[in-house]
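Notes for the one structure printed next.
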2 protein chains.
Amino acid sequence: MSKPIKLAILGLGTVGTGVINLINDNLDELKRRSGRDIIITEVGTRRQRDDIDASIIQNDDLMAVAASDNVDIVIEVIGGTTFAKDIIMHAIKHGKHVVTANKALLAEHGNEIFALAEANNVHVAYEAAVAGGIPIIKVMREALAANKVDWLAGIINGTGNFIMSEMRDTGRPFADVLKEAQDLGYAEADPTFDVEGIDAAHKLALLASIAFGIPLQFDKVYCEGITAITLQDVNYAEELGYRIKHVGFAVRRTNDKGEEGIELRVHPTLIPQDALLANVNGVKNAVLVNSHPLGQTLYYGDGAGAGATASAVMADVMDLVRVLGTDNSSQHGHHVPHLSFLPKQLSDTPILRAEQMITGYYLRVHAYDNPGVLADITRILSDAGINIDAILQKPAHKAGQVPIIILTLPVVESQMNLAIEKIEKLDAITDKVVRIRLDELA
Amino acid sequence: MSKPIKLAILGLGTVGTGVINLINDNLDELKRRSGRDIIITEVGTRRQRDDIDASIIQNDDLMAVAASDNVDIVIEVIGGTTFAKDIIMHAIKHGKHVVTANKALLAEHGNEIFALAEANNVHVAYEAAVAGGIPIIKVMREALAANKVDWLAGIINGTGNFIMSEMRDTGRPFADVLKEAQDLGYAEADPTFDVEGIDAAHKLALLASIAFGIPLQFDKVYCEGITAITLQDVNYAEELGYRIKHVGFAVRRTNDKGEEGIELRVHPTLIPQDALLANVNGVKNAVLVNSHPLGQTLYYGDGAGAGATASAVMADVMDLVRVLGTDNSSQHGHHVPHLSFLPKQLSDTPILRAEQMITGYYLRVHAYDNPGVLADITRILSDAGINIDAILQKPAHKAGQVPIIILTLPVVESQMNLAIEKIEKLDAITDKVVRIRLDELA
């Protein structure tokens with residue numbers, strides 16, 4: 001058997017501990033598959049732990065661990081975008097391969113980190129950064145490597161999906177379910193990253209780069225959270241055969257001049273009830289990819305948790321074991337490019353502005369029940385070239401006011417903005433128009 | 001750019017043509033990802049085709065193509081287990097890497113083929129052999145490489161799934177829907193391989209080997225088709241919250257002495273209606289894998305068709321491009337073992353006999369509506385240590401006879417055999433007991 005592969009783990013929280021447990025539990029499976037011994041030589045932790053095997057060196061100087069001669073692969077599971085960045089750059093400069101679960105760091109600084117890795121001939125692997133244990137990075141970069149991706153749609157934030165699932169299943173409002181998610185440990189005390197869609201936007205930026213071969217552009221992701229979703233809308237959607245989910249979309253568009261543009265957006269979305277994606281419940285994640293010539297494929301599983309994340313981290317380690325030579329130096333051969341496409345082959349296809357995006361819509365309009373109001377609304381939509389797919393007019397729920405629900409076919413957002421502006425100016429309209437995007441996933 | 005990778009395609013049916021079309025459509029994406037030019041230099045076809053690019057040599061001597069100096073990778077899409085075997089062995093002996101979609105060949109002769117490939121230091125890649133375009137081979141061998149697989153359950157025969165889906169959706173009987181499947185081109189004129197479960201058993205044998213690290217043992221797969229499934233059972237199952245699907249299971253069992261055994265079985269199965277697997281419809285495929293520490297993950301997509309199969313074939317080619325050096329010789333480094341585990345690490349864990357297998361059951365018993373008959377049946381089950389999960393007694397549908405539906409918790413098959421034998425001996429029982437296995441997928 002060749003020399004053992006020596007790992008360092010930086011950070012001994014839930015995920016770091018999960019990696020140690022995985023290696024303890026499955027060392028035999030790892031060796032039977034890789035033909036190499038895999039050992040943790042050092043861990044970087046600020047607090048000494050007495051439940052860690054004595055053969056593992058515990059060091060509170062994490063920078064020293066990241067550069068240690070006793071380490072081949074550095075596993076970064078600290079999180080955050082400042083110190084984690086410094087330490088990863090330090091490890092790369094010292095010729096270490098890096099495995100990280102840090103989506104925020106890569107979405108915001110990945111271009112710089114991957115460039116440094118290329119320059120130093122090391123790999124930065126990040127399967128655990130998107131959709132937890134679902135191997136979506138490997139699938140997109142390798143299994144779909146012969147396909148042209150048209151679009152992808154993902155439920156990639158477990159907390160948000162838990163909240164949307166519970167609202168529908170139990171009929172409880174957002175604030176109530178958020179509180180439950182916090183009690184269960186699914187949501188942070190400050191839930192902003194999850195419920196405002198920022199975490200999903202980080203992951204979408206990564207998925208879009210490897211789907212289309214574009215640089216990471218987190219700052220251009222249109223991002224809308226779930227805080228404004230009401231039970232009323234959840235129920236109307238169900239009545240019309242749809243379910244509201246928080247979905248990240250990356251879509252390649254070609255205009256009539258043949259110019260390509262890319263939509264990057266995360267937002268609440270009505271999707272058909274019988275779509276598999278609509279039946280991904282609780283904290284589960286799933287990504288649906290539509291590519292040519294493969295068609296639609298879907299990948300489903302746990303998007304978070306110690307076991308799922310450790311599984312992804314160690315899958316990256318197993319890949320690295322195979323590219324490392326018997327002397328543990330990198331083999332300098334072809335490898336899977338960090339962003340799936342070769343660095344020089346990344347394209348500058350523009351990311352479309354929100355107003356240029358094309359989606360269907362769910363509109364909820366509140367109007368005084370005057371004769372002619374529905375005719376006025378439908379005329380405005382029709383004048384704007386917006387096709388109506390379904391209308392649901394409910395009985396008045398407060399004095400003389402009726403909610404009117406309209407589903408539209410896909411339309412450019414700027415057109416919809418103008419139409420809504422006009423609708424809101426009608427005398428009979430009593431409130432702002434509620435709008436939620438809609439996608440048939442077809 | 002390094003030397004181009006030279007491909008030969010053996011067989012120009014639907015799949016071979018699909019591979020040519022994929023390369024024509026997506027060559028830019030392939031190059032942007034691999035950094036290599038990929039060209040088809042030769043095709044082996046018995047009939048000259050005039051719609052093939054003139055730069056490609058067409059040769060009706062397939063053996064010559066498989067050994068040509070002008071070829072790095074041989075793509076075998078002829079099918080069958082005789083000539084296809086000869087030609088693959090020939091290619092391997094001439095140092096060619098092989099990509100194949102041939103599940104029957106690998107399930108029946110894979111141990112021999114992979115051994116020859118190891119001896120000749122070439123790769124035999126077979127993503128397209130199982131579940132078409134779903135990258136389940138890559139997922140199991142690489143993405144789950146750090147996990148211990150507990151069990152997997154797959155809808156891995158599109159024809160069978162189409163028939164089961166249509167029977168439920170349209171209320172038409174098996175024979176009727178089979179005819180439709182044949183008219184649509186989903187089923188062969190002789191549908192035996194699909195409807196008797198043999199095709200699914202081939203794929204299950206492959207999946208089980210890479211899940212558990214055991215040699216291929218197609219001959220030990222318990223195999224039951226869908227020909228005996230009636231609409232009556234489809235409807236009773238639905239009424240009880242289940243759906244009947246044709247599912248392949250590979251399950252690791254440990255007995256109370258700590259001895260491991262493996263169940264390999266394909267058969268109609270009641271699964272919960274709200275499971276994602278129950279909502280995989282038409283010709284789609286899906287595989288659900290339960291592994292430690294990852295938990296359940298599911299992979300879904302097209303299990304057949306030119307585009308899906310070509311996608312999988314070319315994903316294998318892209319993997320090979322990365323292991324081939326710039327001079328197109330193999331890099332002799334670590335590679336992903338053919339059966340996921342190193343050849344010397346395959347285990348002789350026994351495959352359990354049918355009588356040793358453990359599953360839940362759906363039983364349909366027809367009885368004269370005598371007082372005491374239900375008591376007799378439940379006593380027999382209880383004496384055999386079989387726990388009843390649900391009972392449904394329907395009104396008499398013919399003179400004095402009632403169908404009684406019983407769902408049981410998991411039980412060893414030999415126990416169930418004995419109990420059914422006793423039930424069938426009761427005076428009040430008018431017909432053979434219908435039994436279908438049941439799995440909660442939990």
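The backbone N, Cα and C atoms fix where each Cβ goes, glycine too.
Automatic, uncurated: that is what TrEMBL annotation is.
Long-range C-beta contacts of B:L10 (NADP(+) binding site), restricted to its own chain and to partners at least six residues apart, with a cutoff below 8 Å, comprise B:G16, B:V43, B:G44, B:L62, B:V65, B:A66, B:V74, B:I75, B:E76, B:V77, B:I78, B:I87. Under the three-state DSSP scheme, B:L10 (NADP(+) binding site) falls in the strand class. Annotated NADP(+) binding site per TrEMBL: B:L10, B:G11, B:L12, B:G13, B:T14, B:V15, B:G16, B:T17, in sequence order.
Feature annotation from TrEMBL assigns NADPH binding site to B:K103. Under DSSP, B:K103 (NADPH binding site) is assigned to a helix (H, G or I) in the three-state scheme. Residues near B:K103 (NADPH binding site) in space but far in sequence (CB under 8 A, at least 6 apart, same chain), listed by position: B:Y126, B:A129, B:V130, B:D199, B:H202, B:K203, B:L206.
Secondary structure at B:E188 (L-homoserine binding site), taken from DSSP and collapsed to helix, strand or coil, is coil. Around B:E188 (L-homoserine binding site), the C-beta neighbours below 8 angstroms that are at least 6 residues distant in the chain are B:Q182, B:D194. Residues annotated as L-homoserine binding site in TrEMBL: B:E188.
In the three-state DSSP assignment, the secondary structure recorded for B:K203 (active site, proton donor) is helix. Residues or ranges marked as active site, proton donor by TrEMBL: B:K203.
The domain 'ACT' annotation in TrEMBL covers B:362-441.
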Which entry in the list of binding-site residues, B:G11, B:G13, B:G16, has its Cβ near the fewest other Cβ atoms, using 10 Å as the limit?
B:G13
Ranked by the number of other Cβ atoms within 10 Å of their own Cβ, which of the binding-site residues B:T14, B:T17 ranks first?
B:T17
Would you find the one among the binding-site residues B:L12, B:V15 whose Cβ has the most company, meaning other Cβ atoms within 10 Å?
B:V15
